[in-house]
Amino acid sequence: NLSTVSEFVFVGLSDAPEIRLLLFVLFLLIYLATMAGNITLLVAISTDSHLHSPMYFFLGSLSLLDLLCPTITVPKMLGALLLEHKEISFSGCLFQHFSLIAAVGTEIFLLTVMAYDRYVAVCHPLRYPSIVNTKLCAHLAVGTWATGLLNSLLHTSLVFTLSFCGPNKIQQYYCDIPPVLALSCSSTRSRELVILAVAGVLGSSACVVTVVSYICILLEIQARNSPGIWRKAFSTCGSHLAVVCLFYGTTICTYARPSFTYSPHRDRVVSMLYGMLTPLLNPIIYSFRNKEVKCALNRVISQV
């Protein structure tokens, strides 16, 4: 009497019509602001010659990922809020899952590369142009995207080769790992262990590189002990450190735990933090204390 699931249904954020309309307007404004902020930052980096450096090359890649992440999930959520079209096909769910995990994974590795870039800039400023050259930037960028795609391919194959033959209501506004695993009618324990192991190894490796980079930066600052060194180091690394803390905090709370601790209502809020607010805040954080980015953004806005 079992039948294969051909589509999934998202459980909406609210069933009350008046709340749905309010949420639609709110999330639409956040999405449009995210698009505007990251596109403006990309245009500024690509058109301003003062920003043609490794640091801003990686920042442009981060803005591109911040455009992709909400675009993968938010339009479908807005359609569900406004039109109550909550269904998504099995293949559509698979593609959404693959794209999102690839973008999130790539962003984790990109933030790690940016931490190494900041380490070289602070600890080896004279050798920075020769170490972080164009060839290395290209290799690091390709490596982050390739690793993110391969990681997503593994996670997606582990999740969507399970049997789905019963419930099809996803307790989330997009196809995420925990709520999709909860719908499987086959045993998921072994695959959960593999997912946690792979995510743990890759995530902890990225985290270790980031932490070690900042430890070396702190040791270098203390060794120099020159006037104004702390303020200069903060202006160099403060934006990246804030983005890392925001991204890692929300991502770890969502993924670094077994599925039996899954809470639909809590996880919707947490996933919105890294899925919507983080891409919105990243360009603001990077432009708030960076004079070069401020000047480039002012030139772009004045030209528009």
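Glycine is treated like the rest: Cβ placed from N, Cα and C.
Feature annotations, courtesy of TrEMBL:
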type     : residues : note
TRANSMEM : 20-44    : transmembrane segment
DOMAIN   : 37-286   : domain 'G-protein coupled receptors family 1 profile'
TRANSMEM : 56-74    : transmembrane segment
TRANSMEM : 94-116   : transmembrane segment
TRANSMEM : 136-154  : transmembrane segment
TRANSMEM : 193-221  : transmembrane segment
TRANSMEM : 233-257  : transmembrane segment
TRANSMEM : 269-288  : transmembrane segment
Give the nonlocal contacts of the transmembrane segment (56-74) in its own chain as ranges (CB under 8 Å, at least six residues past its ends).
27, 31, 34-35, 38-39, 41-42, 45-46, 96, 99-100, 103-104, 106-107, 110-111, 113-114, 117, 137, 140-141, 144, 173-174, 243, 275-276, 278-279, 282-283, 286, 293
Average the per-residue pLDDT over the domain 'G-protein coupled receptors family 1 profile' (37-286) and send me the rounded value.
83
Within-chain partners of the transmembrane segment (20-44) [C-beta distance under 8 Å, separation at least 6 from its ends]
12-14, 51, 59-60, 63-64, 66-67, 70-71, 74-75, 77-78, 81-82, 276-277, 279-280, 282-284, 286-287, 293, 296-297, 299-301
